Every structure is written in structure tokens, then in C-alpha cells.
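Heads up: the structure comes next, in C-alpha cells.
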Amino acid sequence: MIEDAAPRKKTISNPYIHRLQRRHFLLFDILPIIGTAGAFAFLIVRPFGVTELGLIFGMWLLTGLGITVGYHRLFTHRTFKTTPTVAAVLAVFGSMAGQGAVVSWVALHRRHHECSDQDGDPHSPNLSGTGWRGRLRGLAHSHFLWMRRHEYPNVVHYAPDLIRDRGLVRVARLYYWWVALGLLLPALIGGLVTLSWTGAVSGLLWGGFARMFLLEHIVWAINSFLHMFGTRPYDSRENSRNGAIFALVSLGESWHNNHHAFPESPSFGLDWYRLDPGYWLIKTLAAVGLARDLKVPTADRRESKRNSGTPDVSPSAA
Ligand SMILES: [Zn+2]
Ligand SMILES: [Zn+2]
């Protein structure tokens with residue numbers, strides 16, 4: 001039993017994994033850029049109308065809620081409990097975003113919380129040197145470039161609860177099919193609503209690729225900009241920030257300093273006046289009996305973490 005005697009590795013790095021990462025990067029990070037350029041070019045054939053607007057908005061909302069409520073608040077941080085059906089639906093919508101299968105996404109994000117802005121953080125903007133060059137390099141790395149090739153967090157270590165859930169593993173195994181469905185669905189709706197092939201192509205380009213591009217850059221901006229710029233109402237050991245301006249488009253994700261300070265909270269806004277559509281969905285699910293055990297932090301706990309004005313913890317500001 002030599003394997004058992006060896007300490008379990010936290011990350012895995014080998015040519016096979018890196019090949020898969022490169023393929024994923026080209027298919028789901030580069031291709032949406034080309035698809036979005038194609039969507040603008042296709043305006044010559046078919047102008048942007050109500051159908052395109054409905055498809056890009058509807059698909060952004062579904063997949064965005066799948067990521068923030070499903071992937072992030074439910075599966076990564078277990079901030080509430082729900083039924084297996086709601087969990088599966090959220091996992092499917094999250095998968096359609098093309099940001100990785102649920103088990104890998106959760107493992108990567110748990111490692112981000114464990115190592116935030118330290119060695120081992122998969123996407124910190126603060127570890128690429130000082131000065132404006134270092135900051136720019138850090139932003140490019142954390143926003144986009146890290147996904148080309150990175151250490152893969154061992155899911156046995158980081159997501160044992162998920163790989164024990166057979167239903168969720170089945171959803172994760174079908175990941176590529178869910179992404180394809182997320183592209184075909186707007187094409188089908190676009191074609192049926194307009195009864196034309198150009199409507200189908202326009203649906204694919206706007207509701208599929210451009211929507212994927214839009215949501216990806218919103219989510220990546222949390223990893224990059226909101227670990228460098230923004231406000232810090234709470235003390236936390238990393239350099240996370242809040243960005244009120246992104247609150248609606250990020251469905252509440254941009255209260256990122258709040259989230260690092262209270263990762264167990266289903267509410268990222270924490271106060272009703274901080275817009276947090278992801279939490280509104282969780283509250284709605286709770287109101288109809290489909291979510292329970294919402295772990296919102298008490299006023300005392302929040303007060304104990306208020307930013308006391310300690311110096312900036314950003315390594316680049318040191
Ligand atoms: Zn998180
Ligand atoms: Zn973070």
C-alpha cells in the first residue's frame with residue numbers, strides 16, 4: 001500500500017491535463033471571442049432585434065445564475081441547502097456557461113480561497129511583480145491567461161463531497177454536451193421565432209457565443225480587477241475588493257470583499273440596498289420551500305470583521 005503511505009497531492013500537473021486545459025481554452029475562451037466578432041459581422045445579414053436581445057439577456061441570466069447561485073454559492077461554499085432537482089438544474093445552467101465542469105470549477109475556487117493572493121492561488125493579479133508592468137501582467141494573468149495552463153487542484157482533496165454525489169458527477173461528465181446545448185438552444189429558439197435560417201444563425205451568435213463572451217469577462221473581472229481595485233469594508237487576509245458598479249451585471253458577485261470575509265453567507269451584498277440578484281433567487285427558492293439553512297452572518301460577526309484601517313495587504317502595494 002505504497003500509495004496510501006504517500007501524502008496526497010493537492011495539485012496535479014501533467015502533459016495530459018495541460019492538453020485538456022489548452023483544448024478547453026481554445027474552445028470556450030478563444031472561440032467565443034471569434035463568435036462575438038462573427039455576431040457583429042452578421043449584422044450585415046440580419047440586424048440586432050428583439051429576438052437577439054431576448055436571447056442574449058435570457059441565456060446570460062440563466063447561465064449567470066447557474067454560476068453564482070449553483071457553482072459558487074451552493075456547490076463551492078454550501079451557503080444553503082436545496083433539493084437534488086434544483087441542485088441538478090443549477091449545475092446544468094452553470095455548465096452551459098462554458099467555464100468548466102462543476103467539480104473542476106469548485107476545486108479551483110476552493111483553492112483560490114485557501115491560497116488567495118499567495119503562492120498556489122490559481123488566479124491572483126498580485127503575484128506578477130511590482131510597478132505598473134507587474135500590475136498589468138498580473139491583470140492579464142488573472143483575467144484570462146492563467147487558463148491556458150495551470151496546476152489542476154486534486155478533486156479528491158478539494159471536492160470530496162462533490163465526487164461522492166453520483167447525480168452531480170453524472171452532470172459533470174456530460175459537461176461538453178451541456179455547453180453544446182447552451183449554444184444550440186438559442187439557435188433553435190432564434191430559428192423558430194423568426195422562422196428563418198438567418199434567425200437561427202443570429203440566435204447562435206448572440207445567445208450562444210456573444211453571451212458566453214459577456215458572462216466570461218464579467219466573472220473573470222472578479223478574479224482580476226476585484227483583487228486589485230475597489231473598496232474594502234471588511235478585513236480579510238487577501239486583497240479582495242467590492243465593486244458596486246458591477247453588482248447587477250455580475251448578479252451580486254462583485255461584492256467580492258464581503259464574500260471573502262463571509263464565504264459561508266448566501267448573501268454577498270449583506271445589506272438589502274446592495275444589489276445581489278443571486279441572493280434574490282436564493283430567497284425566492286427559500287420562500288417556496290426549495291432552499292433552507294441560509295447562513296447569513298449575524299450583526300456581531302459582521303462588526304468583528306469591519307475594516308479597522310489596517311494597511312493595504314496587496315503585495316504589489318508593499
Ligand atoms: Zn468564493
Ligand atoms: Zn477572490
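Each residue, glycine too, has its Cβ placed from N, Cα and C.
What TrEMBL says about a protein is an automatic prediction, not a curated fact.
What TrEMBL records for 307-318 is compositional bias 'Polar residues'.
Computed over the domain 'Fatty acid desaturase' (55-284), the whole-number mean pLDDT of the model equals 96. For 55-284, the entry in TrEMBL reads domain 'Fatty acid desaturase'.
Positions annotated as region 'Disordered' by TrEMBL: 299-318.
Annotation source TrEMBL lists transmembrane segment at 25-45 (among others). Counting only same-chain residues 6+ beyond the ends of the transmembrane segment (25-45), those with a CB under 8 A from a CB of the stretch are 98-99, 144, 147-148, 179, 198, 201-202, 205-206, 208-210, 212-213, 216.
Among the features that TrEMBL reports, transmembrane segment is placed at 52-74 (among others).
With a threshold of 8 Å between CB atoms, the same-chain residues lying at least 6 positions outside the transmembrane segment (174-197) that come near it are 28, 51-52, 55, 59, 63, 92, 95-98, 100-102, 203-204, 206-209, 211-212. Marked as transmembrane segment by TrEMBL: 174-197 (among others).
Here TrEMBL flags 203-222 (among others) as transmembrane segment.
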